[in-house]
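Q: These came from TrEMBL, pasted as-is:
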| type | residues | note |
| --- | --- | --- |
| REGION | 28-47 | region 'Disordered' |
| DOMAIN | 217-388 | domain 'VLRF1' |
| REGION | 246-306 | region 'Disordered' |
| COMPBIAS | 275-287 | compositional bias 'Basic residues' |
| ACT_SITE | Gln291 | active site |
| REGION | 408-435 | region 'Disordered' |
| COMPBIAS | 414-433 | compositional bias 'Pro residues' |
| REGION | 523-553 | region 'Disordered' |
| COMPBIAS | 528-544 | compositional bias 'Basic and acidic residues' |
| COMPBIAS | 596-608 | compositional bias 'Basic and acidic residues' |
| REGION | 596-676 | region 'Disordered' |
| COMPBIAS | 616-628 | compositional bias 'Basic and acidic residues' |
| COMPBIAS | 629-640 | compositional bias 'Low complexity' |
Amino acid sequence: MQAQSAYHLYNLPRELLDTLTLRTLLSEPTPPLNSKSTLGLDSAEDSRQIQDGIDSTVTSGANIGARACNICLGVGFLDVDEQRTHFRSDWHRYNVKTRLAGGQAVSEEKFGQLVEALDDSLSGSASSSSEEESSGEGSSDAVNALINKTKRLNAQLKSAADDESSQKNQIPQSPLAWFHSSQPQTQLGVYRHIFPTYIESDAYLDELKDMQSGGAEGRTWAMFMVAGGHFAGAIVKVGKSDEEKAEEAEEAAAAASGRKKKHKKPRPETEVLRHKTFHRYTTRKKQGGSQSMNDNAKGPAKSAGAQLRRYGEQALRDDIRNLLLDWAEDIDACERIWIRASTSNRRIFLDFESPIVKGDIRLRTFPFPTRRPTQSELARCLLELTKPKVSHFTEAQLREQDEAYLTSIKPKPPKPVPPPPSQPAQPLLPPKPKLTKDEEVLKDKWLRAFEMISRDRLEALKSFWDREADALGGINGLIPEYASADASGGMKRAGTLLQAATAAGSEDIVKWLLDEENADPTIAVPSRTRDDDKDITDDGHGEEGEVENVPLKQGAYRTAYDLAKTKAVRDIFRRSAATHPEKWDWLGAGRVPSELRKEMEEERDEKKKVRRKGLKEKVKEREREAAAKKAASGVVELTPEPTPPPKLENLTGPRKLGGASGAVEGIAGLTPEMRARVERERRARAAEARLKALGH
């Protein structure tokens, strides 16, 4: 269990520091690679010689001059011939290639040791080469072989280091660095952000010991928070100076020995030297985000609140920067600078001639969640950072925790995906038959007719039908299935032109087809569309003496009338049945429920008028009853008198400010008795007007 201790980060007991060790999950070092087995050398001593030859540098040698080799560690020459001979030697060529590859040059003695360490030495390469090869080519091959061997060795050593670092990087780092003490079993957790960024975790313990020294002035931190228009800043002393610690130690020793009966109360470990908080209105309530971010995303708003928030942002920026300039000397002396701010708010601290420079190694962010910037929140964060976490676990418990943690971060093997349940094979739909040229032409004509029907273009359809009636099979010709399949809406289920117009709700076209073209209303809807019958809806309201769509019996079929979606279209069928009863079997095969004669329509309209009139009378009767009840109860509803339109004042005449209304001016000069009489007469006239309006 972790808890904040009574220890202070910059004042840890010496006996605890001496027993601390850094605790990591990867405590055992990675074993080095076996150079002999990897490179195939004769012995480990040979590989050591190669590595020593690569890494060594020679401090002795001739001074670099006009006749000297700058690559081969400054070796000098007596004449030009000796210099040219050196440039053609294997030693010089090896050093040149090594330096080009980023390595270091070796001495001639080390070069000889490297050559002897190889299985194929220069002498062996020269003896095994053919007589046709020149001596220069054999020497060049030997140098290349030596370069390749050393490159492979470096690659293997680098790979080992990379494997070790990658193994460490695979484990996510905790924000706390843990130290372990075995006397007693104690674990101490310190935030990593407190340590310098340029040191490795292995040096944390030495740095922790160095942190116990406060120097001549002590240690100070700068802490700043800004969010939502709130700002809090403080300069805090977190570590006492060495002089203060020595004085406290002397006082404690004197008190313990009894030489001093009364000693001073020790100073607190942390001390707030300077602090400041302020707030500006920069964020709309329950919206979040600054006004500038909202302007960048949606454009600048023109409301008064937006203007206030923009002003608040600018004022907050100026206040913070002025404060930083006032605290510049204190900030320069701080060991750490803690800032909690969003990306845009961080510019407040950095984008001007600030004592806080971008890239400063002292800059830190809080490694834990923080709340609204206040003075108390800064105090809480200071306590969180300077009080190490303490736990007391045994070695066995720590080992169990490590194993459980390592197990939890291991990548889990992917769950086997169960095979999908076998589904019954879907019957293959027959491919659409390819249309002939004549069928394509016919389909195009039907689609043109469907378009005219859907747009209710009667005159255009008449002209089109006069030309194409014979080609389309006449007024009662059946629509081919390949043509109706591409129709829109309810016309997909149509089998004739009448059925298509009925399904589309084109009233004028349906009337033209029934009355003038004698379209047959008894033709059944094609069987291919019976599954779509459920789509037929009735959005009309049935009236008295009117029958809606007749439900189908088992084995029955639908006709054009059944495709009608509106009462207006159905009435056209019923009127045609009443006008031309002898043409078709309207009530039987046509499935028209009843005829609609002119007198029936007049009677229906008369009933509607009577019904509306009765409703109006009922409403008036209710209003009279309500008014009578109010009059009987003594509650008189005041009806405001109509006010005459205001008269335009003569703008050329004299005017005065604060003038009263005409009614007030009329009684302004009267005595109180006359005013009361005028008011009584006015109220009486108003009461008479209300009674007259009620009909009394």
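Please read every residue number as a count from 1 along the shown chain.
Placed from the backbone N, Cα and C atoms, the Cβ positions cover glycine too.
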Q: CB neighbours of the residue listed as 'active site' within 10 A?
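A: Within a 10 Å radius of the Cβ of the residue listed as 'active site' lie 24 other Cβ atoms.
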Q: On average, what pLDDT score does this prediction assign to the domain 'VLRF1' (217-388)?
A: 88
Q: With helix taken as DSSP H, G or I, strand as E or B and everything else coil, how many residues of the compositional bias 'Basic and acidic residues' (596-608) land in each class?
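A: Across the compositional bias 'Basic and acidic residues' (596-608), the residues distribute as 11 helix, 0 strand, 2 coil.
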Q: When DSSP states are grouped into helix, strand and coil, how many residues of the compositional bias 'Basic and acidic residues' (616-628) land in each?
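A: Breakdown, helix to coil: 13 helix, 0 strand, 0 coil.
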Q: Per DSSP, how many helix, strand and coil residues does the region 'Disordered' (246-306) have?
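A: So the counts come to 23 helix, 9 strand, 29 coil.
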